[in-house]
């Protein structure tokens with residue numbers, strides 16, 4: 001039975017029969033079955049016959065365990081198996097019977113985080129966000145371009161993470177699940193003593209029937225198991241004991257902790273190396289093209305050999321530039337074609353579209369010039385192969401610098417998580433409170449209500465309450481207070497925080513929050529959420545970038561037209577047109593320049609990258625910044641007030657200088673100094 005709060009006292013004792021309230025309970029264990037209970041009010045129940053018909057209809061549904069409908073209050077209580085039927089189906093069935101039921105409340109909303117691959121600019125993140133919001137059951141979706149992550153709020157009764165990932169992939173991007181609501185308490189174990197698939201089946205069934213276990217995923221090949229559980233009901237050591245007992249008391253099976261490889265760090269290093277390699281390969285071809293087109297022709301007689309005609313008017317220099325530029329355009333620059341294809345398939349345009357348009361215009365016009373020179377003995381033209389090759393090289397350099405900056409930010413967050421120790425001393429107590437045994441275990445195996453011993457100089461592994469001993473704890477890394485705080489049983493400040501340092505005494509602490517529930521973990525989550533949140537100026541940039549690419553393409557066409565038509569009509573002097581070029585080539589050069597210069601990389605990436613780096617660096621220095629909104633308003637601050645000594649000072653006054661006046665002797669000065677001390 002739940003305790004009524006202050007808000008409940010204000011509620012009417014007899015609510016209107018037209019009101020609808022829906023609530024969904026936590027899963028409960030019913031033997032080997034996991035059931036959920038849903039309570040809701042139904043409009044339109046006029047007599048007992050109506051309630052009986054609703055009970056009959058719902059009772060016939062596969063997966064419904066029990067149904068009770070009160071005709072007096074108009075309230076239904078349904079217990080069902082979520083694996084067989086969803087709450088949405090139950091609601092729709094009631095509606096089909098001629099009664100009204102409102103939407104489910106927000107508290108039954110699950111949250112998942114996804115790693116998004118292949119986003120190049122703001123247009124990509126906008127497309128991903130729209131694709132996620134179109135999924136039925138998704139309530140809210142936020143996509144961070146700089147962080148390359150998406151945070152999705154969804155109704156687990158309507159959709160799941162598989163459907164969400166599928167929607168992202170249909171939009172043309174890759175997606176990996178980073179975490180979901182059930183991942184907050186997830187245990188990874190390596191199994192030993194497995195001789196056949198039947199052993200894995202036995203262990204899985206034992207875990208699934210264990211109280212508090214939500215989900216069990218088995219890796220048959222590597223003999224690993226991942227268990228999602230409710231920390232209020234069970235814990236890591238209990239689950240390991242469950243696996244041991246699955247062998248029938250003969251200790252056939254054993255389980256040990258293992259830390260899965262951090263895919264994020266591995267993928268980040270691979271991405272950095274990929275862009276570095278692509279840039280170096282691009283330079284290998286682009287630099288010779290640049291030298292052959294811009295440097296050697298200006299240094300006669302060293303560049304005279306480039307004017308040697310291979311066939312008709314096709315020079316050796318033009319042929320070499322064509323050969324060297326082609327792999328840059330189609331092999332190294334393949335990613336821009338792929339990105340353009342997916343963007344155009346989504347009926348949107350991004351940075352890849354602009355790059356592909358600009359480089360292809362330069363490349364294929366140069367091919368046209370080369371073929372015309374090959375087939376003519378009088379034609380003279382200028383190619384733009386160096387424009388295409390150098391543009392791709394510079395953009396790859398920009399992407400490389402961008403991913404390196406992102407990697408440094410994730411390192412700052414990793415330093416935060418390293419504040420917590422790897423091991424802790426677990427005590428076993430008897431009924432009288434005496435210590436029976438002491439064992440050093442991994443902090444990942446700690447559970448709620450465990451008794452932990454913290455020796456002087458050790459870090460606190462969990463959040464908890466001091467039950468024995470007294471000491472001073474340095475909490476500066478969490479609170480900023482430089483002075484150690486006294487800790488003893490019964491004090492108002494008897495709580496200790498994970499990641500802080502015990503200084504001079506031995507403490508016995510009862511764990512209240514472990515794993516992702518500790519204050520330190522919440523700080524890391526706060527910083528990650530701040531990096532994902534959009535600053536107001538970034539929202540403005542996102543709106544602009546949606547129309548930016550079509551506007552740039554139109555501007556490039558108008559630029560080309562504005563130079564070609566007057567040039568062809570002889571409106572401006574012929575001397576403006578460089579030698580070996582005509583009005584069309586000059587106009588095309590200006591049009592390509594507009595496409596190239598106007599790539600919206602900076603527009604979409606400048607703000608989120610700055611916010612991400614600032615929040616990550618601030619977190620590593622002990623300053624928590626709640627997103628770009630706070631950073632954007634920082635310039636308006638003209639006064640900073642500190643509420644305690646120790647934030648700016650160490651709390652230990654010290655003599656910084658001394659001056660002896662002529663009328664005082666050294667002996668008198670020493671006497672006064674000693675008296676003052």
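Glycine is no exception: its Cβ is also placed from the backbone N, Cα and C atoms.
Annotation source TrEMBL lists domain 'HMA' at 36-102 (among others).
According to TrEMBL, the domain 'HMA' annotation covers 110-176 (among others).
For 185-251 (among others), the entry in TrEMBL reads domain 'HMA'.
Residues or ranges marked as transmembrane segment by TrEMBL: 279-299 (among others). Packing against the transmembrane segment (279-299) from elsewhere in the chain are residues 306, 317, 320-321, 324-325, 327-328, 332, 383, 385-386, 389-390, 392-393, 396-397, 400: each is 6 or more residues past its ends and has a CB under 8 Å from a CB in it.
Taken from TrEMBL, the feature transmembrane segment applies to 319-337 (among others). Remote same-chain partners of the transmembrane segment (319-337), defined as residues 6 or more beyond its termini with a Cβ less than 8 Å from a stretch Cβ, comprise 278, 281-282, 285-286, 288-289, 292-293, 306, 310, 352, 355-356, 359-360, 363, 366-367, 370, 383, 385-386, 388-389, 392-393, 396.
Sequence-remote contacts of a segment are chain residues at least 6 beyond its ends whose Cβ falls under 8 Å from one of its Cβ atoms, and for the transmembrane segment (349-371) they are 120-124, 127, 314, 318-319, 321-322, 325, 329, 333, 335-340, 343, 381-385, 387-388, 391-392, 395, 549-550, 552-553, 556, 585, 588, 591-592, 595-596, 598-601, 604. What TrEMBL lists as transmembrane segment is 349-371 (among others).
Same-chain residues lying 6+ beyond the ends of the transmembrane segment (383-401) with a Cβ under 8 Å from its Cβ atoms: 272, 275-276, 278-279, 282-283, 285-286, 289-290, 292-294, 318, 321-322, 324-325, 328-329, 332-333, 336, 355, 358-360, 362-363, 365-366, 369-370, 589, 592, 596, 599, 601. If you look up TrEMBL, you'll see 383-401 (among others) marked as transmembrane segment.
Annotation source TrEMBL lists transmembrane segment at 547-566 (among others). Residues of the same chain lying 6 or more positions beyond the ends of the transmembrane segment (547-566) and with a Cβ under 8 Å from any Cβ of it are 123, 349-351, 353-354, 357, 572, 583-584, 586-588, 590-595, 598, 600, 603.
Taken from TrEMBL, the feature transmembrane segment covers 586-607 (among others).
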**OP:** State the mean pLDDT for the domain 'HMA' (110-176).
**Re:** 84
Original post:
Are the domain 'HMA' (36-102) and the domain 'HMA' (110-176) near each other by the rule of at least 3 C-beta pairs under 8 angstroms (pairs 6 or more apart)?
Top reply: yes
Original post:
What is the three-state DSSP composition of the domain 'HMA' (110-176), stated as helix, strand and coil residue counts?
Top reply: 22 helix, 24 strand, 21 coil
